[in-house]
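Visitor: Below is one structure. I have some questions about it.
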Amino acid sequence: MKTRPCNFILYFQIVTFLVLFVGVNSQLTPNFYLKTCPNLLRVVRREVQSAIKNEIRMAASLLRLHFHDCFVNGCDASLLLDGNSSTSEKFTPGNLNSARGYEVIDNIKTVVENTCSGVVSCADILAIAARDSVLLSGGPFWKVSLGRRDGLVANFSGSSNGLPAPFDNLNTIISKFQDVGLNLTDVVSLSGAHTIGLARCTTFDNRLRNFNGTSSPDTTLDTTLVSELQNLCPSTSDGNNTSPLDRNSTNLFDNHYFKNLINGRGLLESDQILFSSDDAITTTTKTLVETYSNSSKFFFNDFVNSMIKMGNTSPLTGSNGQIRTNCRVVN
């Protein structure tokens with residue numbers, strides 16, 4: 001009888017060790033491919049650099065792919081799966097005629113497969129390509145944790161309802177971030193990704209004329225910018241003309257985006273509300289906008305932390321999911 005407590009303690013210690021061991025080994029790590037694909041980072045960097053050299057806008061597009069992937073099913077490359085208009089995430093409102101760069105990811109995957117076949121997931125390629133896109137645009141560097149596996153199914157409804165939209169109010173945006181484990185600081189810092197890239201007229205022309213039924217433009221939008229955008233996006237257009245998200249600093253990853261918000265020059269409604277909304281929560285977002293506008297260092301630091309958090313959203317690890325040979329279809 002006296003040995004039972006010791007046996008129980010020993011059993012508990014063994015179970016705890018196994019749980020911790022499995023837990024640690026299922027976590028993502030920057031060195032995941034150190035032995036199985038040692039040249040991975042060099043290969044991806046080279047291909048991303050080539051893609052951006054060919055089209056500088058591609059940096060923003062690759063960053064956005066990672067963002068839109070992680071917000072649906074976690075970071076599992078479900079966004080990359082082809083399918084029809086009722087199954088593939090590519091056809092949801094936040095991605096259709098908007099998300100781009102799939103061919104670049106295909107090309108990176110092909111080169112990686114030729115280097116180390118059947119080893120590296122499409123989800124990890126998305127994460128590395130996003131980091132490199134930021135870095136090559138003048139933004140910060142961070143070590144990307146790796147070891148994600150690819151999902152087996154897309155989530156059409158999750159993509160339709162879970163992606164933050166340019167017309168969402170602040171509370172809705174915050175709620176969608178919270179649904180994937182991100183907080184208010186993450187909302188503001190990750191919105192700073194709009195320091196690079198373009199947006200179609202259809203994503204912001206609601207602000208230019210009859211905003212919320214007022215028969216007038218959005219009063220939080222700088223009047224000079226209103227005139228410029230009205231010329232770019234006439235009411236008779238198809239909405240496909242594009243404008244830089246961050247004017248005067250279009251292709252440079254910096255803190256100029258936040259300076260724009262302070263000056264009423266945020267392009268999307270979902271951007272400007274971080275500074276100009278009447279919601280009580282705006283006190284916090286406004287403070288963050290002001291802090292980032294005054295310090296690239298603070299912005300870069302929070303952006304990196306938020307990207308790492310987002311990249312850790314519900315990854316498939318261990319024996320879950322698979323390593324797709326072709327990012328567009330399951331094996």
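Quick reminder: no glycine exception, Cβ is built from N, Cα and C everywhere.
Taken from TrEMBL, the feature active site, proton acceptor applies to His68. Marked as heme b binding site by TrEMBL: His194. What TrEMBL records for Thr195, Asp246, Asp254 is Ca(2+) 2 binding site. The feature disulfide bond is assigned by TrEMBL to Cys37-Cys116, Cys70-Cys75, Cys122-Cys327, Cys201-Cys233. According to TrEMBL, the feature domain 'Plant heme peroxidase family profile' maps to 27-331. According to TrEMBL, the site 'Transition state stabilizer' annotation covers Arg64.
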Visitor: Using the Cβ center of Thr195, Asp246, Asp254 as the Ca(2+) 2 site position, which other residues in that chain lie within 8 Å, going by their Cβ?
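Guide: Close Cβ neighbours, site residues excluded: Gly192, His194, Ile196, Ser249, Thr250, Leu252, Phe253, Asn255, His256, Tyr257.
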Visitor: Which residue, out of the disulfide-bonded residues Cys37, Cys75, Cys233, Cys327, shows the minimum number of other Cβ atoms inside 10 Å of its Cβ in this structure?
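Guide: Each of the disulfide-bonded residues Cys37, Cys75, Cys233, Cys327 was scored by Cβ atoms within 10 Å; lowest is Cys37.
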Visitor: Pick the one among the binding-site residues Asp246, Asp254 whose Cβ has the fewest other Cβ atoms within 10 Å in this structure.
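Guide: The binding-site residues Asp246, Asp254 were compared, and Asp254 has the fewest Cβ atoms within 10 Å.
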Visitor: By CA distance, which of the binding-site residues (His194, Thr195, Asp254) lies nearest to Cys70 (disulfide bond)?
Guide: His194
Visitor: Quick one: Cα separation, Asp246 (Ca(2+) 2 binding site) versus the residue listed as 'heme b binding site', in Å?
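Guide: Counting only the Cα atoms, the answer is 7 Å.
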Visitor: Say you check the Cα of Cys233 (disulfide bond) against those of the recorded positions Cys37, His68, Cys75, His194; which is nearest?
Guide: His194
Visitor: Including all protein chains displayed, how many Cβ atoms other than that of Thr195 (Ca(2+) 2 binding site) lie within 10 Å of its Cβ?
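Guide: Result for Thr195 (Ca(2+) 2 binding site): 28 neighbouring Cβ atoms inside 10 Å.
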Visitor: Would you count the other CB atoms within 10 A of the CB of Cys116 (disulfide bond), including those on all shown protein chains?
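Guide: I count 15 other Cβ atoms within 10 Å of it.
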Visitor: Quick one: of Cys122, Cys201, which of the disulfide-bonded residues has the smallest count of other CB atoms within 10 A?
Guide: Cys201
Visitor: Want to know which binding-site residues, from His194, Thr195, Asp254, are within 10 Å of Cys75 (disulfide bond) at Cα; which are they?
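Guide: Candidates kept after distance check: none.
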Visitor: Say you check the Cα of Cys327 (disulfide bond) against those of the binding-site residues His194, Thr195, Asp254; which is nearest?
Guide: His194
Visitor: Would you kindly give the Cα-Cα distance separating Cys122 (disulfide bond) and Cys37 (disulfide bond), rounded to the nearest Å?
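Guide: Computed Cα spacing between Cys37 (disulfide bond) and Cys122 (disulfide bond) is 14 Å.
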Visitor: What number of additional C-beta atoms lies within 10 angstroms of the C-beta atom of the residue listed as 'heme b binding site'?
Guide: 23
